[in-house]
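Visitor: Below, the features straight out of TrEMBL:
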type	residues	note
DOMAIN	13-148	domain 'MARVEL'
TRANSMEM	43-65	transmembrane segment
TRANSMEM	85-106	transmembrane segment
TRANSMEM	121-138	transmembrane segment
TRANSMEM	150-177	transmembrane segment
DOMAIN	153-297	domain 'MARVEL'
TRANSMEM	192-212	transmembrane segment
TRANSMEM	224-246	transmembrane segment
TRANSMEM	272-291	transmembrane segment
Amino acid sequence: MDPQGGHYLNKAALLSPLGAARMCQLLLGCTTMSLVAHQAGYSATYGTFCMFVWCFCFAVTLVVFTLDVTRLHGCMPISWDNFTVAYAMLATLMYVTASVVYPVYFLQPQCPAGGCEVRDYRIAVTVCSSVCCFAYGAEVFLTQAKPGHVVGYMATMSGLLKVVQAFVACIIFGALANDSEYNRHVPTQYCVVVYSLCFAVTVVVIALTVSGRTAALRFPFDRFVVIYTFLAVLLYMSTAVVWPVFSFDRKYGTPARPEGCPRGKCPWDSKLVVAVFTHVNLALYITDLVYSQRIRFVSQQP
């Protein structure tokens, strides 16, 4: 038996601030799932989504924590640092969404006829889920790029913004699928093509970075990312104009929300969500482009 076998374990993964953040994520995630399964409950599509978020993030975090402690991540054919920071950013966004969706659809101010126990459990679920957002956010803060440190692309502001852009695009796709009536007009179908194209390229950029395959490309990866981001800004600027016009103008749509439109199944609501998050993603791509240019400028200094 190797007397130095203890070196196979990474003590820093346990005793560092990053290790503490991940242990908090596991503790809060397990608590949230237990509360939901025991008494708080969930139902319908929104509840299933929230439960998926909590289970998925707990499972992936457990794998990440185990691989980091045992140093087995070195056996994986990926860029570990890029993967972990990208996942932490994604988990933060997913937890924020679940922490908003769950109380909106399942937490009522009044106690039901059977008592307040279920409501109290749902309050506890909301609190645990909300606190866990900060645990994942702390990991992003601890692993993001800092002056004087050499890090992977995903740890830079541009890399983190790529994850946010892809997540916002998923929200847009969800609203499009929820009876948004996008197929009524050719211009709105064009918008869907733009959303899909930008999302696909963003995912490819993230996948190439996480897999560590950017060096295998026959063209400069940083230049490709900047050019793509510039084109994405132009495309999203067009959708930011086209979608609201063909959704809310009196000639093509309805300016105000129709009376009696059911909550959760109203096409007007879906169109509004798409319009809002189109402008959100446009702002993200512009910020990404500005930051990318700033990075290039700094890197060219003697």
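Glycine too: its Cβ is placed from the backbone N, Cα and C atoms.
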Visitor: Among the recorded stretches 43-65, 121-138, 150-177, 192-212, which has the greatest number of Cβ pairs closer than 8 Å to the transmembrane segment (224-246)?
Guide: 192-212
Visitor: Summarise the domain 'MARVEL' (13-148) as counts of helix, strand and coil residues per DSSP.
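Guide: So the domain 'MARVEL' (13-148) is made up of 112 helix, 0 strand, 24 coil.
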Visitor: Decide whether the stretches the transmembrane segment (121-138) and the transmembrane segment (150-177) have at least 3 CB pairs under 8 angstroms, with pairs required to be 6 or more apart in sequence.
Guide: no
Visitor: Taking DSSP states H, G and I as helix and E and B as strand, how many residues of the domain 'MARVEL' (153-297) are helix, strand and coil?
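Guide: Split by secondary structure, the domain 'MARVEL' (153-297) comes out as 115 helix, 0 strand, 30 coil.
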Visitor: Ranking 85-106, 150-177, 272-291 by Cβ pairs under 8 Å to the transmembrane segment (43-65), which is first?
Guide: 85-106
Visitor: Taking only the residues in the domain 'MARVEL' (153-297), give me the average pLDDT of this model.
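Guide: The predicted confidence over the domain 'MARVEL' (153-297), as a mean pLDDT, is 87.
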Visitor: Cβ under 8 Å, sequence separation of at least 6 from the ends of the transmembrane segment (150-177): give me the contacting residues as numbers and ranges.
Guide: 79, 81-83, 85-86, 89-90, 93-94, 97, 140, 143-144, 192, 195, 198-199, 202-203, 205-206, 209-210, 214, 225, 229, 270-271, 273-274, 277-278, 280-281, 284-285, 287-288, 291-292, 295
